[in-house]
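Peer 1: Annotations for this protein, taken from TrEMBL, read as follows:
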- 437-452: compositional bias 'Gly residues' (COMPBIAS)
- 384-487: domain 'Histidine kinase/HSP90-like ATPase' (DOMAIN)
- 22-41: region 'Disordered' (REGION)
- 421-452: region 'Disordered' (REGION)
- 96-114: transmembrane segment (TRANSMEM)
- 134-152: transmembrane segment (TRANSMEM)
- 159-176: transmembrane segment (TRANSMEM)
- 182-201: transmembrane segment (TRANSMEM)
- 208-223: transmembrane segment (TRANSMEM)
- 229-245: transmembrane segment (TRANSMEM)
Amino acid sequence: MILVQRARSLGRSIARRRPWGRARGDAAGGGGAPGEGRSEREERLRRAGRAVIRPFALALLQGDADPPATARRLRVKVPRWFEALVPYGSWDLVQVADLVLAFLLYGLMISTGLDWNDTAARAHAANPLIPGPAPLIFLYLVAIGVSLPVALRDRWPLAAWRVAAVMAPLIVYVTMTVGDVVPPYPIAAIVMYLLVLYSVAVRCERRITGGVWLVTVLALWIVHPDSMFIGTIIASVAVLFGYNVRARRTATARLVEEERRSRQAEGAQAVLEERARIARELHDVVAHHMSVIAIQAEAVPLKAAGDVAQLEAGLAEIRGLSLEAIAELRQVLGVLRDAQGATDTAPQPGLDRIDELVSNTRAAGLTVLVKRSGALDGLPQATELSAYRIVQESLSNVMRHAPGATVAVEIARRGGELRLRITNGSPTEPGAVDGPGAAGGTGRGQGRGAGQGLVGMRERAALLGGTLDAGPVAGGGFEVVATLPVAERGSA
């Protein structure tokens, strides 16, 4: 009866007000389309009304909760002998606990309802003015309304709250029917509603949670205004506790996602670095040997001039260079394919093979002068490999861009650094092109892939913490100067 009276009072107060949607022109009798001439104040009121109504709509009709976690930590596997009797091979302990609690609340509510009816029956027999017991069907429905939301709250929390909201009038009716002899709120119903409020706050966004809280407060004000204050405090504690849990879970999920993205970025960067390393190694090996072979193949017929023996010797030398290129290429690929990352145990070219490199270059028609100074023994393998590749690529550039030029190679160790200087003069044979090594070159080759050698050399030096400068020199020619830091083998 109280609920009906308050609803009628609210309806009469709304009917006395002027509708918000009426246009100013209509109010003045000027006509016009609906909404035309609406004042800015009315627009603000409409927006405010929508903002107020939106949480209620989300809570009661439109909103939805977040999906449950896909990976449950609290799971128990069903024994083999019990699998034929249950539908699932493993059970979520949280849902199992909810089902057990729902069953206990159902039994508690039935027992409490029967006690209510017995008390109400005795009171009615003593005083016919006191209402009699409630129908048994209502007691069973109330028990279902108290237990079902608890069973649903973990998987469908918002649906569980809506079930509780739908069953609330029946609970209110039963308690009002025997209200003279029982407390206004059953303990089982209070436990159920607080659990559902907590679940909604954990799994729903703020607007939905706010709408659920507002509906709860309004229901308390309508049904039991005397206990509204304490009821609001208890409901607020449950909501705030659940919201705190949600905030922590959201922050943890955000950190996990950021860590996952960071790992992905690190993996992508590692892939790019590995690609650059592979490209650098293959370029240094293939470019040098192919340059020597190409020049040899072009020079042998000219040198032989019909001499079969000299032609055969030249072809044999080309074949030897090809086999050497294949062997070194296989060696590089073997290092790159090493799944265990044991690159230190694989044989790598170092400064001890500079003479062999120079010999092949001289055979291609270049005049190469080598000067060494300082203690070149005991250098780290990475430093020796980088120094060898820098000299190799520099000589390859001279062969491609300054054929016939004289090359001076200086290798010096001074204190804690290894210094490389490769200088070539102007080309003396036709066929020179602008690029690294050419007189007056800019340090950038022409054509597809030009300049990749200099990029690779700079990367090698930078990886060791060194520097590399390349450019034309006065009087014609080109110079490459590299400085590599040196640490003794086994030093930290």
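For all residues, glycine too, the Cβ spot is worked out from N, Cα and C.
Annotations in TrEMBL come from automatic prediction, not curation.
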Peer 1: Could you tell me what the rest of the chain brings near the transmembrane segment (182-201), counting residues at least six beyond its ends with Cβ under 8 Å?
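Peer 2: Distant contacts of the transmembrane segment (182-201): 65, 101, 105, 108-109, 112, 116, 119-120, 142, 146-147, 149-150, 153-154, 157-158, 160-161, 164, 171, 175, 208-209, 212-213, 216, 224, 227, 234-235, 238-243, 245-246.
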Peer 1: Same chain only, please: residues at least 6 beyond the ends of the transmembrane segment (229-245) with a C-beta under 8 Å from a C-beta of the stretch. Say none if there are none.
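Peer 2: Same-chain contacts beyond the ends: 190, 193-194, 197-202, 206, 209, 212-213, 216-217, 220.
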Peer 1: For the domain 'Histidine kinase/HSP90-like ATPase' (384-487), what's the model's average pLDDT?
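Peer 2: Here the mean pLDDT over the domain 'Histidine kinase/HSP90-like ATPase' (384-487) amounts to 78.
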